[in-house]
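> Have a look at this one before I ask anything.
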């Protein structure tokens with residue numbers, strides 16, 4: 001997400017979030033000088049929400065709908081600042097970058113190290129794998145290097161086909177439409193992106209060994 005970007009639209013609120021906000025305002029009016037125990041307050045709100053009828057909840061659901069419309073409208077007009085990660089979304093259909101010979105070696109030997117040393121941290125595991133890899137002879141490394149070369153060759157063919165397909169589809173569509181509506185799936189995309197980044201970072205750490 002665009003951390004620190006003051007122009008980024010405020011996130012949309014759920015019907016329950018509006019309900020909690022209303023409860024908080026009511027509590028402040030009744031007890032202006034008393035502090036709120038957040039955990040206890042949240043529990044009470046949750047219990048109260050469960051006992052409410054659909055008719056009582058509809059007021060908050062309407063508020064959530066109008067806030068969602070506001071958010072979608074603002075996101076369509078929102079332009080992320082240059083360098084913002086969300087400006088270049090990863091296409092889930094894009095071919096995945098091939099692993100290196102070392103990464104293939106790690107994938108094969110990591111489970112063994114984890115079973116032998118269950119308390120070992122990720123960093124220490126990566127370090128141990130790096131040491132093991134450096135101790136391998138050129139002959140022992142060869143199967144991994146051959147497999148990595150084949151995967152790289154396949155990736156290069158796949159990415160060329162993917163890019164060619166992207167260009168032809170862009171030509172058919174003509175001038176691009178605003179893609180702000182895609183932002184609805186932003187939290188899920190972020191999680192995927194973070195997972196992929198964790199993998200990439202681990203691979204980079206291992207390559208440095």
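Cβ atoms here come from the backbone N, Cα and C positions, even for glycine.
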> Where does the phosphoserine label fall among 35, 46, 53, 137, going by Swiss-Prot?
35
> Scan 30, 112, 173 for the residue that Swiss-Prot records as N6-acetyllysine.
30
> Looking only at 30, 43, 90, 114, the modified residues on record, which one has the least crowded Cβ, with the fewest other Cβ atoms within 10 Å?
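It is 30 that, of the modified residues 30, 43, 90, 114, has the fewest other Cβ atoms within 10 Å.
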> Mean pLDDT for the DNA-binding region (9-79), as a whole number?
88
> For residue 30 (N6-acetyllysine), which of the recorded positions 45, 106, 114, 141 has the nearest Cα in space?
45
> Report, as a single number, how many Cβ atoms besides its own are within 10 Å of the Cβ of residue 141 (N6-acetyllysine).
15
> Can you tell which of 23, 45, 106 has the most other C-beta atoms within 10 Å, given these are the recorded positions?
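Buried the deepest by this measure is 106.
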> Specify the nearest of the recorded positions 23, 45, 106 to residue 35 (phosphoserine), where nearness means the distance between Cα atoms.
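For residue 35 (phosphoserine), the spatially nearest of the recorded positions is 23.
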